[in-house]
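Worksheet for the structure shown next.
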Amino acid sequence: MVARVAGVLDEKLAEAIANSKILVVGAGGIGCEILKNLVLTGFPQIAIIDLDTIDVSNLNRQFLFHKEHVGKSKAQVAKDSALSFNPNVNIVAHHDSVISNDYGVSYFKQFNIVMNALDNRVARNHVNRMCLAANVPLIETGTAGYAGQVELIKKGLTQCYECQPKAPQKSFPGCTIRNTPSEPIHCIVWAKHLFNQLFGEEDPDQDVSPDTADPEAAGDAGASALTSEGTATGNVERKSTRAWASDTDYDPEKLFSKLFGDDIRYLLSMENLWKKRRPPTPLTWDNLPGKDNPPTQHTGLPDQRVWTVHECAQVFADSCKVLKADLKRRPDGDHLVWDKDEKSSMDFVTACANIRAHIFNIPLKSRFEIKSMAGNIIPAIATANAIVAGLAVLRAQTLLKGNIESCTSVYLRPKVNHRGQLFVPERTLTPPKPKCYVCAPKPEVALACNLKQLTLKDLNNVFKEGLNMQAPDATVEGKGLVVLSSEPGETDHNNEKTLEEIGLNDGCALLVDDFLQNYEVRVRLQQEDDEKSWRLVTDTDTPMLGPQEDKTNGSNGAKEPKPGPSRSKEESDSDMEIVEEDDGGVTTKAPKRRRTEKSDTVVELC
């Protein structure tokens, strides 16, 4: 391998590689590339963790996997495939979650470098905290379509993964999806719901018909709904969308006339909706925009071209025929499952979303962009994964040489910038954020809530969802009284009590720790009478919003992240606990014994 070939690597680096031990978290698109690069470079000791199994949709970009591997452990198959490149490497594969108790601080301490190749925020937050606690360098990687980045996280030297608050995922009220969309994501969610109503598992909460219960519509909503001409081709009856479509034998023209003509006219009859909005424009099958347009030149990839409305209608018709045939081949009662990697499913959602967007005067998107937004999934591009993985291993080599100041973040741009750069490195390491609630010397955060309404059960959710904890324990500062315990049953009897009822008031400080993450934070309570839920405030400028009241009938949407400089992106002395007595009083009991971390012995899977 490279490290053993004289003259390729300098002697100091070759020796450092020979004595190193690397942990790779994630065996997906980037993880496979990282593992391959490490093995071919000659890294002798590698551990890889991944809980996932191989799916058919992985095969187009995760090259260590083949058709015969479908259903098997990603970590184990990645190990076996990588060993075919270099059988002299010792690879330990764990088909497991990195959040498991088996991988505590002592486990992370055995590695020289940890390399993240994850695709979800919860696991990334956890690994970030474990590396900070173990004081082990973390190389964080990620791609978003054709863009990507590699970033070093080192305790006390660089900002951590959680220094910059990440944008919360959006949810949308059902009446917005069905009646008054204003963003492309609203149309995409509607299109995915339509797929399920026609071909997938029907869900009453995913109805795509106009919502006459919309409180904003009020009055005589729908009273003047449709003319006889409008009902001739499809009729807007209040019946199952699947049943109606089946009655028409999924005729594309009739489906189109109902969904994009009759239903829109029905919406127009809800006059209150359009007093302050631009009303939608119904479409007819025989007179679609773009029908007579000459072919346009497009220099990019086919999926990056925005289709005309007429093209969308043709794709809609073709995909309906394919999906109908697929559904009819299945047993009675069975249904299709939407998959971004299945051509007809993705074509259907793209076409429907864009047609609806045109009707509501919303900009149309390319198939690639819609695939990026549908279900919060960023399409993975094999080339981008390979480039980012290569940069990550180069950064690992720089770390082993001791040149940590040179390990600045590097960004892969989708296109060459005005300076002719495809790779854009930062000039210096980005220092930690002084008020970060994770990596600051004394982490602190404010919790704004209504203490008269927020229950202890809600508080536990705040710590898990807002602070990304796994097993939070909370004590009252200065009193040593445990109000929340991660030990099952110890404080459950107080779950439905409000924070005020258990004696917590405005200005009270809680010391919250998670022994699984070796993480502690001071939480100050702030009473806000008007706060319906809760929100975390790390400083005066960046409030972290809590979950809004769930009024959605749809999935969440997220814009594709744009790579750029990191700075522009996101103690208790006692373990006493409160115990409720028969008379409602509070007493203290002996400090609870902390659970000891499991053995960090590495066991190779067969």
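Glycine is no exception: its Cβ is also placed from the backbone N, Cα and C atoms.
Whatever TrEMBL says is automated annotation, not expert-curated.
Cys163 (Zn(2+) binding site) counts 25 other C-beta atoms within 10 Å of its own C-beta, drawing on all protein chains shown. The Zn(2+) binding site annotation in TrEMBL covers Cys160, Cys163, Cys436, Cys439.
For 201-240 (among others), the entry in TrEMBL reads region 'Disordered'.
In the domain 'Ubiquitin/SUMO-activating enzyme ubiquitin-like' (447-531), the DSSP tally of helix, strand and coil residues is 14 helix, 29 strand, 42 coil. The annotation domain 'Ubiquitin/SUMO-activating enzyme ubiquitin-like' is assigned in TrEMBL to 447-531.
What TrEMBL lists as region 'Disordered' is 527-606 (among others).
Summarising the annotation, TrEMBL assigns compositional bias 'Basic and acidic residues' to 559-571 (among others).
Sequence annotations record features per position, and here TrEMBL assigns compositional bias 'Basic and acidic residues' to 597-606 (among others).
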Cβ neighbours of Cys436 (Zn(2+) binding site) where a neighbour is any other Cβ within 10 Å: 21
Count of other CB atoms lying within 10 Å of the CB belonging to Cys160 (Zn(2+) binding site): 22
Take the mean position of the Cβ atoms of Cys160, Cys163, Cys436, Cys439, the recorded Zn(2+) site. Which other residues of that chain put their Cβ within 8 Å of it? Leu132, Gln159, Tyr161, Glu162, Pro432, Lys433, Tyr437, Val438, Ala440
Cβ neighbour count within 10 Å of Cys439 (Zn(2+) binding site): 22
